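For reference, the structure is listed below as structure tokens.
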Amino acid sequence: MKIVLAYSGGLDTSIILKWLKETYGAEVIAFTADIGQGEEVEEAREKALRTGASKAIALDLKEEFVRDFVFPMMRAGAVYEGYYLLGTSIARPLIAKHLVRIAEEEGAEAIAHGATGKGNDQVRFELTAYALKPDIKVIAPWREWSFQGRKEMIAYAEAHGIPVPVTQEKPYSMDANLLHISYEGGVLEDPWAEPPKGMFRMTQDPEEAPDAPEYVEVEFFEGDPVAVNGERLSPAALLQRLNELGGRHGVGRVDIVENRFVGMKSRGVYETPGGTILYHARRAVESLTLDREVLHQRDMLSPKYAELVYYGFWYAPEREALQAYFDHVAKNVTGVARLKLYKGNVYVVGRKAPKSLYRQDLVSFDEAGGYDQKDAEGFIKIQALRLRVRALVEREGHGA
């Protein structure tokens, strides 16, 4: 039997690699995706080989991640439960897509992942796998093995000579990519406990951020960001640049309790500096370029799209149908937003667009601009008609 494992190089997937070989008598191919997590991918590849993988594949997927997953999601204005910009959720279908592809190329019968049986990631990985290859076998060791906790896993690692660099458990777990870093578990499981001050890796503490604000301009073309401060950049390079700018000023920290797809509530702390800047910049350009009813309709559909991404339905027909709508709307989003970054905050201070629907002569108090204010009287009376009828009926105590 041959299995392709999504391998990070950490404790869990290193143990899983050895466990798969022992339990299934299988040949294991390790796959590591570089999506901007900041870890040494080549080091993880070498570690996989030392741990017993017959082959280790490492791919740089940063551009594909941002171009084909993050940017389409951002065109939809997706935010889960009002705060979460979906940094972990959007990475899973990309990784699973390549897991399935490699399994097909290598003639493997199964894929495996290190997601636990309590979280969302198991669903995201497996829904993607079954959507792309319905007959694929998926192995989820966390749902099969008998380890009762980290101590038993560390003991297993030591007994099998697995090169785990640290045996001391961190007070929280962390997952990183080019869009964000997430923290959960351990000391963060108490929703009343403030996150440890030294936990954050991507952003400066807002209290210690520069005392002077920094301005940044983000240019959009047909829905996608294409330049920062006038410099055109590739999708991954653009997001990285904004991560650096936002991180310097403590932008993008979020601490929430969210509803997992599997039914439980979970506390998550996130850093999304570049994504937060892009969210505000996009809204600024959209305010000029989108018709009122289109914008309101888009905002009604965005939460459903975010839910689909969070749940793992990236390759589902309903997500694809919504994407077609959002992509059509985004074709009008061309322009520039100017923002001020200051001690954890993002302020929109300017916006412009070549096809702006904003007409200064119409809204100016100093110019008529072709708008007759007397027209408002009839408009208001028509809008008030149903309200007046309701009030009259209630006053009379009976209907017509």
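The backbone N, Cα and C atoms fix where each Cβ goes, and this holds for glycine too.
A quick note: this is a predicted structure, and the numbers were derived from the prediction, not measured.
The ATP site recorded in Swiss-Prot comprises ALA6, TYR7, SER8, GLY9, GLY10, LEU11, ASP12, THR13, SER14, ALA33 together with one of GLY114, GLY117, GLY119, GLY149, namely GLY114. Of the residues SER182, SER287, Swiss-Prot places SER182 in the same L-citrulline site as TYR84, SER89, ASN120, ARG124, SER173, GLU258, TYR270.
Sequence-distant neighbours of GLU258 (L-citrulline binding site): residues of the same chain at least 6 apart with a C-beta under 8 Å from its C-beta are TYR80, GLU81, TYR84, LYS265, SER266, ARG267, GLY268.
The distance from the Cα of ASN120 (L-citrulline binding site) to the Cα of GLY114 (ATP binding site) comes to 12 Å.
For the pair GLY114 (ATP binding site) and ARG124 (L-citrulline binding site), the C-alpha distance works out to 12 angstrom. Here the Cα atom of SER173 (L-citrulline binding site) is found 14 Å from that of ASP121 (L-aspartate binding site).
Mapped onto three states, the DSSP output places GLY10 (ATP binding site) in coil.
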